[in-house]
Amino acid sequence: MRRTLGVVAAGLAATLVVAGCSGRDLESDNKSEGGSGEQITLKVAFWGDMGLDNLKAAYEKEHPNVKIVLNSGEFNAQHEDLQKKLVAGSGAPDISAVDEGFIVQFRNQADKFVNLLDKGAGEFESKYLDWKWKASQSADGKQIGLGTDVGGLAMCYRSDLFEKAGLPKDRDAVSKLWTNWDDFIKVGQEYTKKTGKKFIDSGTNMFNPVLAQQPVGFYDEQENLQMNGGPKVAFDVSMKAIDAGISANLASFQPNWNQGFKKDQFAVLACPAWMLGHIQETAPDQKGKWDIASIPGGGGNWGGSWWTVPSQGKNIDAAVDFVKWMVQPAQQIEVFKTVGNLPSQPDLYKDPAVLDYKKEFMSNAPTGQIFAATAANLKPQYLGKKNGPTRVAVENVITRVQQGGLKSDAAWAEAVKQAEKVAKTGKA
Amino acid sequence: MSLTELRPASHRPAPPPKNVRTRSWLHRFDNKTAPYIFISPFFILFGIFGVFPLIFNGVVAVRNWRLDDPTLTGWAGLDNFNRLLSDEDFWNALGNTFGIFILSTVPQLLIALVIANLLNRKLRGNTFWRIGILLPYLTPVVASTLVFAIFFARDNGMANWFLSLVGFGQETPLDWRAQKWSAWIAIATMVNWKWIGYNALLYLSAMQAIPRDVYEAAAVDGAGPWRQLWRITVPMIQPVVVFTVILSTIGGLQLFNEPMMFDENPQSASGGSAHQFQTIAQLIYKVGWKDLDLGYAAAMSWALFLIILIVAGINTLLTRRIGGDR
């Protein structure tokens, strides 16, 4: 009898342990380890390569009680994960990067983030590009993020492929080939005619940089969809490029795109500063084959991120300290040098460490000068709450044209229809 | 007990033992309650992870629940379900799901039946074949789907290479993801590849239980192998056939991984540029975690639940009829 009860008790206890332990384990991560002072672990979530490996080592050396765990994931997945954890109330990283496409969504939930102004971040305001500072601010003035980088635009090109096609190789001469997008498409046609290969990776990678150059994007500041402004201009350019037959029709950041790099399926790639890191990561053996020219139509901003501190964290102060340290000029320059991300503090554009820097991978192109110059032309664009899904919807229409399922002259009506559908579900 | 002790029982009741009450209580406890305690862990876990989410999901389905707009909240009544009826994305996804479901389930079960029938004969290296046929099932679905995604790639894909051997699509290679029919075939191929072996083994184990003399008698009466398969084997393994049909109905209507990984941009969960191969499960995921509209997503999953019940019911009836139910 006693044995029966004992077994039952053990069984129930085991069940409870199984059901309960996972949660407890996760929490204990952040608590003190051992008895020697307070050991703190900071989890940092981001995507791609944000140049943190060296920074992490340096910071840990300076702060022996802080351990930094880097978690690099997929771009969209990281943002969605953050959103889920915010709603769930636990499990968010101590520090999370947020991209411009998502910052509006998150600044509308500012109470779920630490207001960095409460932590003395106000002193940084004057250092930042004005629009970059404001973009991570909620309507009632809470600052949820400190800017990391901005996406000043340029055009990356394969100088070796250009040479083979009889086009100029030198970056100044290439820049002179195209002052506007029509010229650019003409050069592409010439290239395709001579080599039989495609010139650009995809129509969507024409659409996005052109859209980034427009004063108004998908939404105005009252969150009204404005398809007939910037989006129409950008859409027409991308349709023209597809009709000209210069697009390799590869979906960006996907396996086929990565393969396209290796098989020389395209020769140019619209290049915000952060794209340099991607190229380097995707095609490491193409060192010295890439170079950077200016982009048709002048500057523009595409991408750029902020560091945020979700308020559910257990080590908020340590997290804020680390973020403040990361946005200091020395660290910003370090990141710029390792992965190419352009700092969002204009003073740094005049810093010799940035101006004189030459990127070896990109045929020693002076990336500092190139991107600092485009950053001067930056026209910030308001990105609505539904900017991300709207972009996906329009990109899908462009892909359908590329796949032959839709004629280019019927595509615009379809794009408007799809975008309106997204905009509507946002308000329902 | 010996015969000599066969005398009437004494009328005097036995002196009650001191702790008889406790003992009988314990005895009753041991007999009546203890079994329930023994099996309780299952029901507790089932309650927490099975029943509760189901009910909670039902509650969410009749509420407004938007993560991107926390102000939109409260009871929605049947709004979410009404919206479903006029949502062309939902009907498109439903069509895709059924298209892929039919393309995958029918050949899958038929081929599995034929394979099981072959394996049921005397073969050299029996075990080898039986294990071999299960191998696709052991492969993680994400891994195999990634391989298939490359297999069905537009540029440099093996499928297009095969097609080019027979002189098809040399000029413009077939973009498998671009059209409904081609995307459906590609996804159905992945599903078939994975589940044929599994179903074949189920059929095989049922077939082994059929007595040999039935076949011998049939052979004497002049029934060929096909006739034997359809008139003897299938009716006799009918319960297993019903089981596999229900399983593949559930699996087929919940199809998620394959279309997800097949997409060029898996993160958008849009199932192709024009939703050519977006399944309901994918749409639920998109509405819930991309559009952050949990109420509507919950309504969709309830709708899917009902659809699966109905389809599984219809399939069971049909299979019983085909199997020549007594």
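Cβ atoms here come from the backbone N, Cα and C positions, even for glycine.
As the structure is a computational prediction, the values presented were derived from the model and not from experiment.
As recorded in TrEMBL, the features of this protein are as follows:
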DOMAIN    B:94-315  domain 'ABC transmembrane type-1'
TRANSMEM  B:33-56  transmembrane segment
TRANSMEM  B:98-119  transmembrane segment
TRANSMEM  B:131-153  transmembrane segment
TRANSMEM  B:181-204  transmembrane segment
TRANSMEM  B:236-256  transmembrane segment
TRANSMEM  B:294-318  transmembrane segment
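Taking residue pairs at least 6 apart in sequence, the transmembrane segment (B:181-204) and the transmembrane segment (B:98-119) share three or more C-beta contacts under 8 angstroms.
Beyond the transmembrane segment (B:181-204), the same-chain residues lying 6 or more positions past its ends with a Cβ under 8 Å from any Cβ of the stretch are 96, 99-100, 103-104, 107-109, 111-113, 115-117, 119-120, 130, 133-137, 139, 141, 144-145, 148, 152, 159, 174-175, 237, 240-241, 243-244, 248, 251-252, 255, 258-259, 262, 272, 276-277. Beyond the transmembrane segment (B:294-318), the same-chain residues lying 6 or more positions past its ends with a Cβ under 8 Å from any Cβ of the stretch are 57-58, 60-67, 76, 80-81, 83-84, 90, 94, 242, 245-246, 249-250, 253-254, 280-281, 283-285, 287-288. Within the same chain, residues 97, 100-101, 104-105, 108-109, 112-113, 187, 191, 195, 199, 202-203, 205-207, 210, 214, 279-282, 285, 304, 307-308, 311-312, 315-316, 319-320, 323-325 sit at least 6 positions outside the transmembrane segment (B:236-256) and bring their C-beta atoms closer than 8 Å to a C-beta of that stretch.
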